[in-house]
Amino acid sequence: MEVLGLLKFEVSGTIVTVTLLVALLALLKWYSMSAFSRLEKLGIRHPKPSPFVGNLMFFRQGFWESQLELRERYGPLCGYYLGRRMHVVISEPDMIKQVLVENFSNFSNRMASGLEPKMVADSVLLLRDRRWEEVRGALMSSFSPEKLDEMTPLISQACELLVAHLKRYAASRDAFNIQRCYCCYTIDVVASVAFGTQVDSQNSPEDPFVQHCRRASTFCIPRPLLVLILSFPSIMVPLARILPNKNRDELNGFFNTLIRNVIALRDQQAAEERRRDFLQMVLDAQHSMNSVGVEGFDMVPESLSSSECTKEPPQRCHPTSTSKPFTVDEIVGQAFLFLIAGHEVITNTLSFITYLLATHPDCQERLLKEVDLFMGKHPAPEYHSLQEGLPYLDMVISETLRMYPPAFRFTREAAQDCEVLGQRIPAGTVLEIAVGALHHDPEHWPNPETFDPERFTAEARLQRRPFTYLPFGAGPRSCLGVRLGLLVVKLTILQVLHKFRFEASPETQVPLQLESKSALGPKNGVYIKIVSR
């Protein structure tokens, strides 16, 4: 009897264990797919998701190719799941206009994963709601034409170092990866303009600032951890934020200490002794802390060329005092954002321009004539002179940004339930603006894979459908630093082409292979020859 009782107990225990295991597996299976019915309920086409990770494998080749494939297979309104999070992708101009401009109050915030480094979370890129409005409004004065004119000599100094380095390659006549040179150059620009220090990253790669900049640009989440985060976000995101991360903590500590030391030094200096760099402009904005409301923001007009994006905006309202000055963390955040944009976006844009000019010698020849004429009149270019005398350079930059938009996708979050051109959008939905797909849509851009600066003549711009060209976004949350970024690009190409011409070589990759992790860039560099003029 005792043996029978023991057997019954063991059998009962086994049944309970098996039942619990089956229930757990059933629950896990339900969880793995439970988030993946929302797009279908909204009537939005999308790729079939996989358990837990959604459409993560769809993007294994990078977001650029996958975005173009999404548009081709599912149309200008489609969607996907990244982990359990639903993304609605739009590349239809009228829908984009409603989201970015007409219904901006409901789409004023960008998506945040919760895993961004603190320096990024404290930047104007990811600040939210009222605090974003206050900080952006105060920062607008830092990008006025007068302030940019003060920063132009700092960019020119870094450009002189770049030209000196390029002379060595011109003398050798060997093909080389010019993207590496631009990478070093943009670190020099960022150090000087954003962090108030001077470096020569080409000759001093061991400099702590240079090393930390490169570490920041290669910072990423390991793939196994990313899969876990996407599969179980409510558990893994808070856990990942509190777990120790040596690389993240060292980067935060280095840039925080650097900025705090510079601020302390500036506080001891007289006003006329302080460097007129971006950091000083932010500090000046902090002390005055005047802001404008969102209705008066300096908005990048959609569909315009690079030249029009650099013109002084009209003043639409008077500034008012904000209630809360910048914190030191927010100051660090703005400088770090400049680092991200400079090291990636400017480097890649310069690389793409160089590649296109090297492989289109007729366009380069026309641009060289314009450069020589301009430099004959303006041997020491200033911000204002750069805005009027280089129309073909503006066209070349604009067409490059159409073909290779560095920020080829950006997001907005829906604050409340709404409709966009009849499409229901629930609160919390992430809307993704597919700039890459928009810029390569043959309906708006005939022969989109062809480099043709003539698309950006004054006449062509007037005939273009609005909201089909968005390299800097549009509306109140468009790119705040567009004028500074374009200043760096224009001044660099101007100074380099004044001394050299670009030539394609057998090592030049045609067509150029691309990679698209956070921004769009050349996958294997840009190999060319450079010839002294």
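Even glycines carry a Cβ here, placed using N, Cα and C.
Among the features that Swiss-Prot reports, topological domain 'Cytoplasmic' is placed at 1-10 (among others), with the record citing similarity to another entry.
According to Swiss-Prot, the feature transmembrane segment maps to 11-31 (among others), an assignment based on sequence analysis.
What Swiss-Prot lists as topological domain 'Lumenal' is 32-75 (among others). Cβ atoms under 8 Å from those of the topological domain 'Lumenal' (32-75) belong to residues 81-86, 88-89, 91, 227, 230-231, 408-409, 423-424, 426, 434, 436-437, 440-441, 514-517, 520 of the same chain, restricted to positions at least 6 beyond its ends.
Per Swiss-Prot, transmembrane segment is recorded for 76-96 (among others).
Feature annotation from Swiss-Prot assigns topological domain 'Cytoplasmic' to 97-223 (among others); the stated evidence is similarity to another entry.
Sequence annotations record features per position, and here Swiss-Prot assigns transmembrane segment to 224-244 (among others).
Annotation comment: Swiss-Prot describes 245-335 (among others) as topological domain 'Lumenal', evidence class similarity to another entry.
Feature annotation from Swiss-Prot assigns transmembrane segment to 336-356 (among others).
Among the features that Swiss-Prot reports, topological domain 'Cytoplasmic' is placed at 357-533 (among others), with the record citing similarity to another entry.
Following the DSSP three-state reduction, the secondary structure of CYS479 (heme binding site) is coil. Among the features that Swiss-Prot reports, heme binding site is placed at CYS479, with the record citing similarity to another entry.
Same-chain residues lying 6+ beyond the ends of the transmembrane segment (76-96) with a Cβ under 8 Å from its Cβ atoms: 35-36, 38-39, 42, 44-47, 49, 52-56, 58-59, 67, 70, 229-231, 233, 411, 420-421, 423, 425, 429-435, 437-438, 441, 444, 465-468, 470, 474. Of all Cβ atoms in the protein chains displayed, 21 besides its own lie within 10 Å of the Cβ of CYS479 (heme binding site).
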